[in-house]
């Protein structure tokens, strides 16, 4: 009977919208530092002396050699060991956009240097991948053979064939996105490295001309990419996207004319889209063009640019639920596009809405929706709500950023993090042996993939922390890239906009990393009775009503106040009538969650439960101090 009640309440919780906390206790600065650190775990090639992710080592050192080209470097896109050019380029473009808009905040928080390093790791690779004006290498490795094996990147034995596009085998989407990345990066490096910036612009111009002159979808030329990164939207959005970034970087009238003359025929003014992703760039194009319009630079193309802006605002309104075609949300308030790696759409939408909020504020105007005008601050509130959900303000009280908070994914679908570090144990992991020994194990990853944003929960806020659940537990670089800008923006608060116009990126200062303190939380209720030296505090974090009954979510923190390590913990509950997360049930009591076996002196653990009653009684029934 008790399990039936638990399931019924859980289902009810998942069907209801939860009220977000009015004041977030999240440490955005700590989250920002971690989100940038993730990119170092995804590096391919010779790792630099200042590499901070110490469990990684050199990999892919012969990439491109069989094709007579040096393709060492770049990024692995997700949990595998393939270098896919299209999502890698989008990752770099959105990282650059984050820096262009919020470089001041990144610098003031000591992260601009790391962000620039992350961008340059990508653009250095793109320069190598573009050895001739009409040649671009767009993939190294093959997804089919790579997915057959579960190996560390440092010792992979899979095929590392390089695949390219050229005038006879075009790929306008791939070339266009890479042009956009290099153009955006040229803005980022304009002050700190002007020679490098000029080199990037040269490549960007050549790639755009190549993409526009020899048109075709890249996955028709690089067919091995079709199963993994098929360009469903085609290439028109990337051509407009590249033109928009080249205009931002060069102020060349040719590119603004391109946007004006091709906006209608190439979908820039006609497509009303409810996503922004590595495949679909229209919302990003429309936002950038709206910026040009609001800056008063549209000139003869004003009427066309107003149509771009109309579509940009339809996208923003859909995020707020104020449009004619609103995007779906989970009961907990997370926007939901698809079950596989939904979080990519969340971070990109959060970034666009934050940026557009600041554009509107700078122009002193409201967002125009079908249901009326909306204050720009509502867009920033939306961004904050999505980021707070990612960091733990959700029905499961789970952080979907690895290494942030107390409850976060421990079995990430990622080869490098799930296998013992090559620097710790160099014993060779075979192709299929990796699956048998490491992929199938139920324990936590031996290496914490700090800062990674995993795929996230389903349409009902459900999430299973299992390594084989790749739809939910696999991370991706393009999940993290837009988040850099959003987190930098949120650190500054509601009135903290300090956008940088093209060319305004500050020169990076030396960066010193200091461990960020855990967020301070004040209990709203007196500590529950517990044997000293262990203290327990509880607080209600959410409440909602359904059919006259009020439901509550309680967060409980257990702290080891002793000078010794706490082990053999057993917790008992009375008056608990709902589901609980963050502890493991053993018999009639509960113990540590599966990812920890002890609690060091001075440390805390948290767990949450939901029911329609006052807080439960939580007692420590047994423990040891060693």
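Using the three backbone atoms N, Cα and C, a Cβ is placed for every residue, glycine included.
TrEMBL: automatically predicted annotations, no manual curation.
Listed features, source TrEMBL:
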{"type": "ACT_SITE", "residues": "413", "note": "active site"}
{"type": "ACT_SITE", "residues": "465", "note": "active site"}
{"type": "ACT_SITE", "residues": "474", "note": "active site"}
{"type": "DOMAIN", "residues": "534-614", "note": "domain 'Carbohydrate binding'"}
{"type": "REGION", "residues": "497-536", "note": "region 'Disordered'"}
{"type": "SIGNAL", "residues": "1-24", "note": "signal peptide"}
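For the pair residue 474 (active site) and residue 413 (active site), the Cα-Cα distance reads 5 Å.
Looking at 465, 474, the active-site residues in this record, the fewest other C-beta atoms within 10 angstroms of the C-beta turn up around 465. Residue 465 (active site) and residue 413 (active site) have their C-alpha atoms 9 Å apart, to the nearest angstrom. Across the domain 'Carbohydrate binding' (534-614), the prediction's mean pLDDT works out to 83. Around residue 413 (active site), a 10 Å sphere centred on its CB holds 24 further CB atoms from the protein chains shown. The residues of the domain 'Carbohydrate binding' (534-614), classed with DSSP into helix (H, G, I), strand (E, B) and coil, number 0 helix, 51 strand, 30 coil.
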